[in-house]
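S.K.: Look at Swiss-Prot and you will find Gly174, Asp175, Arg176, Gln177, Thr178, Gly179, Lys180, Thr181 tagged as ATP binding site. What Swiss-Prot lists as site 'Required for activity' is Ser378, and the listing cites sequence analysis.
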Amino acid sequence: MQLNPAEISELIKSRIEGLGVSANIRNEGTVVSVTDGIVRVHGLSDAMQGEMLEFPPTADGTPSFGLALNLERDSVGAVILGEYEHISEGDTVKCTGRILEVPVGPELIGRVVNALGQPIDGKGPINAKMTDVIEKVAPGVIARKSVDQPMQTGLKSIDSMVPIGRGQRELIIGDRQTGKTAVAIDAIINQKGQNMTCVYVAIGQKASSIKNVVRALEQAGAMDYTIVVAASASESAAMQYVSAYSGCTMGEYFRDRGEDALIVYDDLSKQAVAYRQVSLLLRRPPGREAYPGDVFYLHSRLLERAARVNADYVEAFTKGEVKGKTGSLTALPIIETQAGDVSAFVPTNVISITDGQIFLETNLFNAGIRPAINAGISVSRVGSSAQTKVIKGLSGGIRTDLAQYRELAAFAQFASDLDEATRKQLDRGARVTELLKQAQYSPLPISLMGATLFAVNKGFMDDLEIKKVLPFEHGLHQFLKSSHAALLDKIEKAKALDKDAEAELTAAITSFKKSFA
């Protein structure tokens, strides 16, 4: 059989034309150096700030990614997200053209994930239908709505003196071991049945502490509406830095669809330290306390994303699917101070960004006053307009009483003969202080909190011994639950006290007090 050269060339040509090879043009670079999770790459001329870079996979085939953070004249400085031991000089790095994205949606509820949204709770894969970028522009002024709906924490001292509204940013600040996490966890537990999705972001915490928090949430049934994002102390600084933005994106999913969400950042001091570590390794110039110049922007761009958005924004975002509903993302950032120094760099930054702060004091905590809230310097700038009517009406004098009591108590130590008015004020202050104590993981509903505040306002506790104040409150709650359940339901639904309810409550407390020994 003789082969014709013309036929052969035609055959080859047709084969080449029929070959379906897609050209994939991607910018590639070479690893120049790897140190402490920071990689310097040469040749990525088209890399964007914050772009994901693709590195060679690990030994078991897991893909490796990094974030381009430093764009220099002849190289790119990137941080590796995860393991970096397998990366060496000369490896090929590719641009992806994408910003870092994490899975979002209701599929994440009840799960514990890492900073990249990957499950770490051993409950199998998360089949999320959507992903979203971790860095987003916060809603503008026109898209926002004023904060006027309460976000009840269930803690008497906070809901009465430092009320928080949906869409507010309220800082929880204090030294280590003053109960900051406990306040935030109580707030999450109290959202049961309130149509609120919660996100708890643990940054730089011990793995055992995160496990304890997850266990507490499971026991309270709070994991049914909570997502836990964990970047423990053993993870890289890059993962700790990214985790807060990942959690925020997961919370924004619900806000943008006309739902309410609560996010706790525990804590932003450790995130700032992680960012400082990354910045110094990238050879960025250090500023005050060795933090980089953009550490304020680090927190402001995160916390500005917590907001209450109006119905027009939600309707436009969902393309008309959700109408007439506002959405909110409430943030409770936590900051750890050193020896009560709130004038340090990161605490002052976050205080100026947020809408108020709850200041927890070591002295109060050690004296058994828990939550250890300092009423004098704790403030909520927008929460009072969101406070429920019943609590607002009954808590007016409590803050003033407490602040004056602390002031008078300091002077009373040196004075032996006090006038009657001062003695009365000291007695009342001591009872209010005792009454605001609350056990951990036991938030109160509005009706029972209202009953407690009503009893103290009307002087039912003025003649009780201080050590009997909390037993009286506990007994009163049990009595009202068993004998006056309808009244509690009425207060819970109306969130206000009318004259009939007030008269019934007075009669109930009087009746209980007679039987209280």
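Glycine is no exception: its Cβ is also placed from the backbone N, Cα and C atoms.
Just tell me what is around each of these and how deep it sits.
M.R.: Long-range Cβ contacts of Lys180 (ATP binding site) within its own chain (separation 6+, distance under 8 Å): Ile172, Ile173, Gly174, Asp266, Asp267, Ile334, Glu336, Leu360.
Mapped onto three states, the DSSP output places Ser378 (site 'Required for activity') in coil.
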S.K.: Using the CB centroid of Gly174, Asp175, Arg176, Gln177, Thr178, Gly179, Lys180, Thr181 as the ATP site centre, which other residues of the same chain sit with their CB within 8 A?
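M.R.: These residues sit around the ATP site: Glu336, Leu360, Thr362, Phe365, Ala372.
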S.K.: Residues with Cβ closer than 8 Å to the Cβ of Gln177 (ATP binding site), same chain and 6+ apart in sequence?
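M.R.: Within the chain, Gln177 (ATP binding site) has Cβ neighbours under 8 Å at Thr362, Phe365.
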S.K.: Does DSSP put Gln177 (ATP binding site) in a helix, in a strand, or in coil?
M.R.: coil
S.K.: May I ask which residues of the same chain, at least 6 positions away in sequence, place their Cβ under 8 angstroms from the Cβ of Gly179 (ATP binding site)?
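M.R.: Those within reach of Gly179 (ATP binding site), by Cβ under 8 Å and sequence separation of 6 or more, are Leu360, Phe365, Arg370, Pro371, Ala372, Gln440.
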